[in-house]
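Trainee: Below is a structure I'd like to ask you about.
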């Protein structure tokens with residue numbers, strides 16, 4: 001791998017890597033250990049990103065049959081030879097040797113890019129991280145960025161409209177022709193996926209509109225997932241609870257992996273296809289099983305009100 005640059009417009013440090021055959025990868029470095037839990041007093045938008053969350057989210061997405069997360073894999077890099085020696089001058093100036101004799105850097109971003117929150121080798125020059133294949137840029141294909149209608153306010157003292165209006169789906173989304181295609185059901189898929197991985201940071205949705213207006217969403221940016229294993233934030237399921245629509249084939253897949261042992265499938269996938277060890281601790285594996293059951297309970301409540309035919313939609317999408 002050959003270092004290219006840092007992605008400085010994000011909230012936290014990310015490194016762009018040049019890969020063979022003209023591809024690029026996005027490196028999110030190790031920041032916290034696997035058993036880290038987001039402090040309960042922290043807001044979702046100030047949460048630190050976790051490399052293992054990106055890896056785990058890719059495997060969960062694959063097990064659930066969505067296949068909408070670009071490939072992610074764990075890697076151990078040498079900070080000096082893989083990054084510092086190939087860094088831009090701007091990034092190279094942020095490198096230093098810590099009192100523990102580890103090589104560190106902090107880069108440039110809006111959060112956590114200072115000497116107090118530096119990325120350091122553990123030990124010495126060895127840095128663990130997640131590497132995700134980047135999809136083509138806007139110069140090659142047409143991307144469509146969609147503001148998520150259930151986006152959080154990203155304010156400490158203000159709630160979003162959907163948090164204050166139980167009829168939000170029917171008053172704003174169902175009457176909007178923009179959602180009169182697969183986008184509505186894709187959004188329900190995304191709600192279920194985000195709930196399972198504990199991702200509160202879903203502010204936008206992305207799809208490649210070069211393929212038409214009825215293209216599947218891509219599931220991107222999951223560094224703030226798997227923050228807590230002892231809390232199931234039901235607000236992530238609000239789109240499902242409000243709209244009471246769900247793709248039948250998604251339900252069938254969820255039920256199938258539930259019967260097969262969801263957490264066991266995820267654990268086996270990580271052990272078989274991931275080089276880094278123990279990406280998810282047991283508490284997180286227990287949590288994803290529990291959250292799958294909670295999704296079923298929400299759907300059951302919808303069905304009691306609107307019947308199976310009124311809730312489960314077979315739109316022909318696998």
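Each residue, glycine too, has its Cβ placed from N, Cα and C.
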Trainee: Among 28, 159, 161, indicate the single residue that TrEMBL lists for the ATP site containing 12, 49, 132, 133, 134, 135, 221.
Mentor: 28
Trainee: Sort out the sequence-distant neighbours of residue 221 (ATP binding site) for me: same chain, 6+ apart, CB within less than 8 Å of its CB, listed by position.
Mentor: 201
Trainee: So if I measure Cβ to Cβ from residue 49 (ATP binding site) and keep only same-chain residues at least 6 apart in sequence, which ones fall under 8 Å?
Mentor: 11, 12, 28, 31, 223, 224
Trainee: Using a 10 Å cut-off on Cβ-Cβ distances across all protein chains shown, tell me which of the binding-site residues (12, 132) has the largest neighbour count.
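Mentor: Counting every other Cβ within 10 Å of each candidate, the maximum falls on 132.
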